[in-house]
Each structure stands twice: as structure tokens, then as C-alpha cells.
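This report refers to the structure that appears directly beneath it.
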Amino acid sequence: MGDRISEPELVLVFSGKRKSGKDYVTDLIQDRLGPGLCCVLRLSGPLKQQYAQEHGLDLDQLLGPGQYKERYRTDMIRWGETRRQRDPGFFCRLATRGARQPVWVVSDARRKSDLEWFWSEFPRQTRSVRIESSEETRKQRGWNFTAGVDDAESECGLDRDLKFDWIIRNDGDASSLDEQLQPILKLAQEAASSSSADHD
């Protein structure tokens, strides 16, 4: 557990295909709750950091949305798989290090091993949320099918045999999205207020 300061009250683990709007939705939740109560943890952040370090690459460009990242994506996925096979919780532990807020929002779980790590570390607190968008919507957001990426485990590992606590449709209708997020926000607010009650 090493660097962990405190236990979260709630861990919301989000997954979804590329361009389904995971970052948009998780940022929206953080905006509603406020950064004092809610942190967004990106598993791809520490992955890219380690990869950039070991390969002498520009981390800022790897974290951005541009072509630089796409150039290395396939190799980065392969490298990440090898790391995970050796230690399934490696990137989860790095991502949660130093997180102090009562509500953790994990924006980009991609594999069953990601979810299993949170379920085993925080069985009481962890809830899973799947973001879904039509292919049409994803194409409008700039998605194109890429062999070796869109058919790899990092995109398809959570497609089958999992029961999510919530499935959110995100096809660009703001009021529908808002309505779907209400029960999640309510649970998060309750978790945050029970945390502040514990510390009073």
C-alpha cells in the first residue's frame, strides 16, 4: 500500500471504447463534485510516463490527442501488456499513489485485471461504469477503426462477461447524459459527506 494516505469512500471505475467520451464524463463528475472531494485517476498516465521514460520520448506529446501518440500506440500497448503480465496491479498502484480525496474516479479501465485490482483492494467502495456511444458518434469525434488497436485487448477486454453497475449512453445529448449521471452523483455526494462526517 506504501504511499497511500487514506482509503477512499467510493471508487468509480469507468471503461468504454476510444472516443466514447470517458474523459468528458469523468471530468464532468469532478466538476460537479469539486476537486476537493473528487480526483480523476488515469491509468494511462503512469503507463505513458513509464513508457516515455524507458524509451526517451516526449511525455507531454504522448499524453496529448495528436499523431505523436498514435505513432507509438501499438508498441505502447504491447509494452503495457508485458508489464501487466508480470504485475497486474502495477499501473493501478502508480495511478492511486497520493490520491487523498474521498471519491476516486478512474477514467480509463481497459482490462479485467484493472477492475479486479480495484475490486480486491477496495471491495466495499468499487463500482463499475461503462460508457457507450454509437460508432457513428465516435466517428464524428474523430474515431477510425485501427487494426491492432481497436481489436486488441486494451479496447475489447471489457466487452464480454462483465456486469457493470451502470451503463451510460453518451451520444451527445446533454440532458440525457445528465439524467443518467444523477444516481452516480448522488452516491458520490453521500460518500463524500460520510467522509467529512468521519473527520469531524
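Using the three backbone atoms N, Cα and C, a Cβ is placed for every residue, glycine included.
What TrEMBL says about this one:
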BINDING   Lys17, Arg18, Lys19, Ser20, Gly21, Lys22, Asp23, Arg141, Gln180  ATP binding site
BINDING   Asn170  substrate binding site
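Gln180 (ATP binding site) has a Cβ environment of 18 other Cβ atoms inside 10 Å. The CA atom of Asp23 (ATP binding site) is located 12 Å away from the CA atom of Asn170 (substrate binding site). Cβ neighbour count within 10 Å across all protein chains ranks Gly21 highest among the binding-site residues Lys19, Gly21. Counting Cβ atoms from all protein chains shown, Lys17 (ATP binding site) has 20 others lying within 10 Å of its own Cβ.
The two recorded residues, Gly21 (ATP binding site) and Asn170 (substrate binding site), show a Cα separation of 7 Å. Largest Cα-to-Cα span within the ATP-binding set Lys17, Arg18, Lys19, Ser20, Gly21, Lys22, Asp23, Arg141, Gln180: 21 Å. Listed in sequence order, Gly16, Ser20, Gly21, Tyr24, Val25, Ile131, Glu132, Ser133, Thr137, Leu177 are the same-chain residues at least 6 apart in sequence whose CB falls under 8 Å from the CB of Asn170 (substrate binding site). In the structure as shown, the Cβ atom of Asp23 (ATP binding site) sits within 10 Å of 16 other Cβ atoms.
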